[in-house]
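J.: What follows is a structure written as structure tokens; I'll ask about it next.
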Amino acid sequence: MPEARVLIADDQADVLEALRLLLKGQGFLLHLARSPAEIVAAVETHEFDALLMDLNYTRDTTSGREGLDLIATIAAVDATLPILVMTAWGSVDGAVEAIRRGARDYIQKPWDNGRLLLTLRTQIDLARALRRSGKLAEANERLAAGGELPRLVAGSRAMESVLRIVERVAPSDASVLITGEHGTGKEVVARWLHAGSLRASRPFIAVNAGALGDGVFESELFGHVKGAFTDARADRIGCFELADGGTLFLDEIANMPAGQQAKLLRVLQTGELHRVGSSKLRKVDVRALAATNAPLAQLTGSGVFREDLLYRLNTVEIHLPPLRERKDDILRLAQHFLQVRSPCYGGKVVEFTPEAEKALLGHRWPGNVRELEHVVERALLLASGPAIREEDLVLRAGEGERATAIDDMTLDDAERYLIVRALARANNNVSEAAQRLGLSRSALYRRLARYGLEP
Ligand SMILES: Nc1ncnc2c1ncn2[C@@H]1O[C@H](COP(=O)(O)OP(=O)(O)OP(=O)(O)O)[C@@H](O)[C@H]1O
């Protein structure tokens, strides 16, 4: 492998020197930059295999804003240059934002030498391969421009590992099974996997594979030719062909009946399909991503889901934790939805009251991020001042939502939920709530303590 040219940038001389010493003996040709202007000048005049840069350049601030803005400038000069950002330990927000804007990975300071070298080498190898195939430019343009890529707000520890896996596996062609409860962001992650892949400039096609009746399954996925059946008045291209060269996202796969599973497996194995009513064999090149909110391992055990199909789909598995297990993200997400949606309601609502924030943090979120999104939207509609109040959130779910909520709950969740409800209906009178629940007062107190609740 030819020597890799690496541009390292930091305005702190000691950091730069430490990096220089570390990388010097490792087969890298180094070029140093001490300011944003020097970075841009270097990128404009030299070709590098990677840029390792600090995010903060104004001594007094730690927002990383200047570094963040720099990413777009660099991408405009050389969209194929892999950018690795260095962030202060714990400021994952900045790293997430940097990645959203097109950085390929991040390193936290103080860094671990081995890990830094590994990350750097991986990105250099990857970028070389990608540059050869000439596709990174397109992928990066999409990432930098944001395109249709939805925001992925993720600052909690629980999501940190998710982001890492997404970054690692996105550029590969591995099939990925994304698991998690409804509304946890499985489709968002699928879109990020696609956007970070060599296929980014090609289509991303999503299909709810678990909701197709036998009558339409084949036609939807594989297409049909005119006259194949009564309603087939014209040729139709199926999802597989639409996604050719790109990514096919198969949602809700656990709901597919056995016959459909067999047909899907065959096409995934061979990369070949027939449109319904045609004998012509067509080849497709599709990366499959699949999602489910059901425990597939159990379903294969009971024979409901084919093990060989699961094996095809889950080369890598990404599990999205429910929102209640990433409480750190609740306010971030709420703020994000507020910012995005407030302009549609006149833009006057800009924040949450402290009580509203407390209520958001205390809610169980059985509908996860989607539920939070809906709650914020509804609150925007109800809010009368510049801040969303607790009562605008209407967190006591309506009948329909309550039914699905119960369906998604564990026994503990349900018990906690019923206790909270009983207390609310009894105006926080413990004796009355206990009576409603068929418990003694002391039994109710024990449960309150167990769930960390206060009457
Ligand atoms: N981390 C996130 N940051 C910002 N928005 C998010 C995030 N996760 C989910 N969302 C938003 O929440 C909504 C639900 O997400 P998505 O459709 O990806 O969930 P899902 O797990 O695929 O749901 P289902 O299982 O019901 O299909 C979408 O509007 C999505 O944009």
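Positions of Cβ are set from backbone N, Cα and C atoms, glycine also.
Bear in mind that TrEMBL entries carry predicted annotations, made automatically and left uncurated.
Fair warning: this is a prediction, and the values are worked out from it, not measured in the lab.
Take a look at what TrEMBL says about it:
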type    : residues : note
DOMAIN  : 5-124    : domain 'Response regulatory'
DOMAIN  : 152-381  : domain 'Sigma-54 factor interaction'
MOD_RES : Asp54    : 4-aspartylphosphate
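Give me the local environment of each listed feature.
T.: Taken together, the residues in the domain 'Response regulatory' (5-124) have a mean pLDDT of 85 on the 0 to 100 scale.
Look at Asp54 (4-aspartylphosphate): DSSP puts it in a strand.
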J.: With DSSP as the reference, give the number of residues of the domain 'Response regulatory' (5-124) in helix, strand and coil.
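T.: Each residue of the domain 'Response regulatory' (5-124) counted once, the result is 56 helix, 27 strand, 37 coil.
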